[in-house]
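According to Swiss-Prot, the feature FAD binding site maps to 7-38. Taken from Swiss-Prot, the feature NAD(+) binding site covers 149-177.
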Amino acid sequence: MTDTHYDVVIVGAGHGGAQTAIALRQNGFAGTIAIIGAEPDLPYERPPLSKEYLAAEKGFERILIRPASFWNDRHIAMHLGCAVERVDPTQRLVFLADGRSMGYGDLVWCAGGSARRLDCTGHDLGGVHYVRTRADTDALAAELPGVSKVVIIGGGYIGLEAAAVMAKFGKNVTLIEALDRVLARVAGEPLSRFFEEKHRSRGVDVRLRTKVGCLLGQDGRVTHVELNDADPIPADLVIVGIGIIPAISPLVVAGAKASNGLLVDASGRTSIPHVYALGDCAAHVNSFAPNDIPIRLESVQNANDQAVVVARTICGTAAQYHAVPWFWSSQYDIRLQTVGLTAGYDQTFVRGDPATGSFTVVYGRDGRVIALDCVNATKDYVQGKRLVEAKALIEPGMTDPQYPLKNFMTPSPA
């Protein structure tokens, strides 16, 4: 027997889930809406978890996407602190971990993902932390007053942002990256080397081409990180940032097609009728990526923009997702803004001088602009976004920061 029924059930109370509900109401949807969230909290912003929230610069109320009154006023039911264990697409039912079932007219799956865990010996010792949820960050922050030596595993954005906060707190920080540079999977060498130098200048010991063998501990708590080819590193606390695992199992079991994420079309539809997916757990063909291979993007922009498309589709309006991807990161006094996708780039060049702390890395593929990484260069970001959207031809003058990027936009035919 079904405990309750909603016209739209949204699984996931992150950016994508919140924006789907908001966009449904903005598009005139008058039916019943429920958001199911595995965490006990109202939808909140995720990026601050490894930055302002971890640094205690913002309290939790300041990172809420909307206050409780917003959801109540719009008659959006919140079912928090409960996970979906199973989906029956034939009966259009979701089954919750607490034993309840819920019927749906349309199901929107935006459950995100879980932090990828270490699988080495000692992974379960006390003092080993991940930064994926508010509870993760709260647990990490609670231990900081009693520690001095922090080891961060992973040189992606989460690891770098956490390193910046730890350095600000005066901790002795070591950052371990298995590849030959930080941000190797998402950025070119000029940006990687800039961030490596910046972190080292703030006292962070950045170790590249370094792999973790195991974690050592005493009395159930981590004391050292043992490396495959070097002496163990003393550690009072370990922060792990090595990616996420998409939360898609219930839908895959129900028959949804997946490849590193639930496969969706340009309107967010999965292979199961009346089931949509978006955000971190959805894989789509993106016009700014090469070879029409489905990709999965982990960003607020992607989740929010896909949510708007799905909401419009549910409301009966033809909508497709074609937004240019963008992303940002803050570390120390650095504001990085990226636009486009670097996948398959075959050339890069730098506008400006990294030594000044303000520059832009431009990425090209087949002679056209495909992405930019802008460091403290907002004007380049704003103007460069138009170049990426237009897939503009690369021109020699683009390397000179004296020439605004808007000068290289080819005028539209009259």
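Just so you know, glycine gets a Cβ as well, placed from its N, Cα and C.
Highest Cβ count within 10 Å among the binding-site residues A23, I153: I153.
Comparing the binding-site residues H15, K149 by how many other C-beta atoms lie within 10 angstroms of each C-beta, the top residue is H15.
With the fewest other C-beta atoms within 10 Å around its C-beta, D7 stands out among the binding-site residues D7, E161, E177. Cβ-based crowding with a 10 Å cutoff singles out Q19 as the top-ranked of the binding-site residues Q19, N27. Residue density at V165 (NAD(+) binding site): 26 other Cβ atoms are found within 10 A of its Cβ, drawing on all protein chains shown. K149 (NAD(+) binding site) sits 33 Å from H15 (FAD binding site), taking the Cα positions as reference. For the binding-site residues V11, I35, V173, the largest tally of other C-beta atoms within 10 A is found at V11.
When the Cα of G31 (FAD binding site) is compared against those of the binding-site residues I153, Y157, F169, V173, the shortest separation belongs to Y157. The two recorded residues Q19 (FAD binding site) and Y157 (NAD(+) binding site) have their Cα atoms spaced 24 Å from each other. Cα spacing between D7 (FAD binding site) and Y157 (NAD(+) binding site): 38 Å, rounded to the nearest whole number.
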